[in-house]
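**Q** So Swiss-Prot lists these for the protein:
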DISULFID  43-57  disulfide bond
DISULFID  50-61  disulfide bond
DISULFID  56-66  disulfide bond
SIGNAL    1-17  signal peptide
């Protein structure tokens, strides 16, 4: 019974991996755009409008202004 369960889980994993790889080949532009958006993120400089501390280079957002 354990052997059957392991074989079943392995087969499910292989099927999921194959469908993910197929999806990436069909839509390479989506993969590139998500990769580019991660690379183009930057922090906000001093006196720029902010929403949270993590968006500021100084990690200090007070009254929606980076310090």
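Cβ coordinates come from backbone N, Cα and C, glycine included.
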**Q** According to DSSP, which kind of secondary structure is residue 66 (disulfide bond) found in, if we only use helix, strand and coil?
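**A** SS state of residue 66 (disulfide bond) = strand.
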**Q** Sequence gap of 6 or more, C-beta under 8 Å: which same-chain residues meet both conditions with respect to residue 50 (disulfide bond)?
**A** 44, 56, 61, 64, 65, 66
